[in-house]
Amino acid sequence: MVFSVRQCGHVGRTEEVLLTFKIFLVIICLHVVLVTSLEEDTDNSSLSPPPAKLSVVSFAPSSNGTPEVETTSLNDVTLSLLPSNETEKTKITIVKTFNASGVKPQRNICNLSSICNDSAFFRGEIMFQYDKESTVPQNQHITNGTLTGVLSLSELKRSELNKTLQTLSETYFIMCATAEAQSTLNCTFTIKLNNTMNACAVIAALERVKIRPMEHCCCSVRIPCPSSPEELEKLQCDLQDPIVCLADHPRGPPFSSSQSIPVVPRATVLSQVPKATSFAEPPDYSPVTHNVPSPIGEIQPLSPQPSAPIASSPAIDMPPQSETISSPMPQTHVSGTPPPVKASFSSPTVSAPANVNTTSAPPVQTDIVNTSSISDLENQVLQMEKALSLGSLEPNLAGEMINQVSRLLHSPPDMLAPLAQRLLKVVDDIGLQLNFSNTTISLTSPSLALAVIRVNASSFNTTTFVAQDPANLQVSLETQAPENSIGTITLPSSLMNNLPAHDMELASRVQFNFFETPALFQDPSLENLSLISYVISSSVANLTVRNLTRNVTVTLKHINPSQDELTVRCVFWDLGRNGGRGGWSDNGCSVKDRRLNETICTCSHLTSFGVLLDLSRTSVLPAQMMALTFITYIGCGLSSIFLSVTLVTYIAFEKIRRDYPSKILIQLCAALLLLNLVFLLDSWIALYKMQGLCISVAVFLHYFLLVSFTWMGLEAFHMYLALVKVFNTYIRKYILKFCIVGWGVPAVVVTIILTISPDNYGLGSYGKFPNGSPDDFCWINNNAVFYITVVGYFCVIFLLNVSMFIVVLVQLCRIKKKKQLGAQRKTSIQDLRSIAGLTFLLGITWGFAFFAWGPVNVTFMYLFAIFNTLQGFFIFIFYCVAKENVRKQWRRYLCCGKLRLAENSDWSKTATNGLKKQTVNQGVSSSSNSLQSSSNSTNSTTLLVNNDCSVHASGNGNASTERNGVSFSVQNGDVCLHDFTGKQHMFNEKEDSCNGKGRMALRRTSKRGSLHFIEQM
């Protein structure tokens, strides 16, 4: 009550009392609130007696996966003491989140099961009691003697507890308080376990400990929900009833790093319960059985131990269980004194399941994911490789390995990269060696799924592998892809139609793999590219399946919706890239359809002539490949026509085919003609999808390509003999030996390849037309064969031809410099004509293939396609149209009227029509300006005359003339090389030849008894 005594506002004594009372009430309320808050804070941790020294040890996973230890000593802290006695040494702290009114605080409630996905949090306490005067704790078996005497007894206890929790959990947080007076160590810990990890394993490892599942936690609306045990320590969480294992459950003390991990038999998982896993009591001494609505499979632990009964307890809220049969991870021996047995896959003792449709590998946490070094990862991979080397693999052990690989996929990328290829091989080998009785089997884990189906190669049906729900990965084999899948791969029914007979017997199973994370597929060479989908793969009994009559279709959902303006590529993992480390390649893969959330891929190729020497063996854009294809086929068609004309000309007219260069040219034209014809027929024959016919066409294409290369090299070798070995050189059956090399060596190479494996050749798709139809082509399928027998073979020929080309050019320059003043000089056009003709004759233009790389790839592909497909056309121009003696033969026999030449018009002349009569016999005698050469094997000369005509005299006195430096004799066919390849010795001759003075040179030919007069070019 307030009284106003005065108007001036003075307050009476009663008013002062009331004001004081109000202030006192406010202080009491604040005190109550503060005390309540302190009580709730103290309930969140395990506290030791007042005189105790409290040590808080926090383990947080560091960046490299190794727990970092932080120790804080708290002195003179008043804490509530956990009641303890000699008989009961372990208590569970119940963390309360209810206020004084009994109502749960209505703040942001986090459902941990929705956060953890495949894990669960547990809270537990344990109290160790030890004898202060003993160097070894009473209830522990210390096998690592190095710790004794170095650490204090409490530190030793804490160290062993740390190792146990580190081994059994994904992550954990621990806080310990030491009571020296009572010789006790009280520890409270929060651990994160995999949702299929049996919590009794922790109870077995930690003697007399109780574990409580954590479910709901309340936190401030400004704070995100927790994801680690450290964050949970700061919050108020509900604890469910403790998990109780029966009294006769195998117990064991905490163990050191040298001991094996104590694990108990798995509890039965009832998949009928959609969101809960119940711990039921399995029968003693029996394999653990996972009950599913469909046929049941029995799975036996690796080292069978008497199964302890597990009492029922409230269900743990976990993600929905797969309707597949689960198998446990490797379990080591558990007893009161556990022997040092290592958990490995090398010596499994597993019983085969009686009826198995699909098997799901549960993600049991028995190994450390965040290892301290790459050596730990390598040891785990090595254990799996050793187990696979033993042969057949049972489903439960295979499931354990799949789960092990799944956990390793979450290791740091820099540590995982060196082992990526080995892990991929482990996954493939698991599918190859998996032993199962039914038609199909599947193994799933959080990040990896594998499915294997038994097939009959002769009656294979269209099969679709489907992966669904990345949060709870499930796979299935369907006849068609569902709409809600995250990845599918469809194999056509014609998948194995083109397999060889011996491979048909091996193709008894098809394996599918799905990787939820691309950890094993890191390509450092990618620039401005990133993987936006999951990874899916398929293989047929580890065989190389090519020659598909229908494409394989792959549909992959994007992890994040892609932007419309970005370019999406379909790629595959090429194990040969990046020095054998593997890398992404889009060779042969194209986008069939692109949507906002998914991409449909298919594989095919377009074929251009450049694919024969495409060193990178990669494809370009469809529009460019279409243009290259048109250029290729038009060029090959023109070359075939003009090569045929060249062959008919040189074969029909005897006078122009007598010399060696002409005979070699005939062989080269024949090889190029056959190469172009087979290439033109290849794509047409590929449409029939006949394996034997396709292999035959590919073999002939390869053979004629090598023959063409070889005759180009023989052209260069012939020029070398003419320039360097002019004198004292005689080769018996010269052209016959050239033919044996030119046609025989490629035949040997192709025969060796066929002997090794005919499957090195076959049908392949090398691109796609803009309308989506594939362009199939019969060619070399094996990259090693291609690079050795095509690229390597061509490199040798190309280097020889380039060297010879340079030598010829240098020699021509020297000849021109030696000419006397006033002598007739060639024009620049003539020089360019000679160089161009030599370029196409020696196949120098094939060298464009070496520059078809990087940003100039397309440019050189165009140059390659234009010049090499038209090689036959250019040979016709330079060696038929540009040669006057060939033109005269055409005019004589093919023309009529004024264009027709008379029989002997300006072609064949005797030695008296401009030259003094002279006798040519065995040997040649000349004046002091002449050059004579003789040997035991040959005694013939060739006379080169710098004139517009030439006279060739044989032993019988017959002679012939020609222009442009190509000469031949009438009877024996002895010839010289083309004039631009001759090594000439000039001398003056005071005789007229064809109305002019000439300079003459002598050169030896390969036979006896003939003298040739050839004009200077």
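Heads up, the Cβ atoms here are built off N, Cα and C, so glycines get one too.
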Of the residues Asn64, Asn194, the one that Swiss-Prot lists under N-linked glycosylation site: Asn194
Annotation match for N-linked glycosylation site in Swiss-Prot, from Asn186, Asn801: Asn186
Per Swiss-Prot, the disulfide partner of Cys601, chosen from Cys570, Cys636: Cys570
Per Swiss-Prot, Tyr761 shares membrane side with Lys883: no
Bond partner of Cys694 - disulfide, per Swiss-Prot - picked from Cys603, Cys636, Cys778: Cys778
Record feature N-linked glycosylation site (Swiss-Prot), assigned residue among Asn547, Asn958: Asn547
Among 668-688, 694-714, 790-810, 835-855, 858-878, stretch most in contact with the transmembrane segment (738-758) (C-beta, under 8 angstroms): 694-714
Between Asn461 (N-linked glycosylation site) and Asn438 (N-linked glycosylation site), the C-alpha gap once rounded to whole angstrom: 17
Position of peak Cβ density within 10 Å, selected from the disulfide-bonded residues Cys570, Cys601, Cys778: Cys778
Glycosylation sites (Asn435, Asn456, Asn461), the one with most neighbouring Cβ atoms at 10 Å: Asn435
Asn162, Asn438, Asn597 as glycosylation sites, winner by CB count within 10 A: Asn162
C-beta crowding around Cys589 (disulfide bond), within 10 angstroms: 22
Listed recorded positions Asn162, Asn456, Cys589, Cys694, Cys778, Asn868, filtered to Cα within 10 Å of Cys570 (disulfide bond): Cys589
The topological domain 'Cytoplasmic' (715-737) [mean pLDDT, rounded to integer]: 78
The transmembrane segment (628-648) versus listed stretches 694-714, 790-810, 835-855, 858-878: most Cβ pairs under 8 Å: 858-878
Fewest-neighbour residue among recorded positions, criterion Cβ within 10 Å, set Cys694, Asn868: Cys694
Spatial separation of Cys589 (disulfide bond) from Asn435 (N-linked glycosylation site) - C-alpha basis, Å: 33
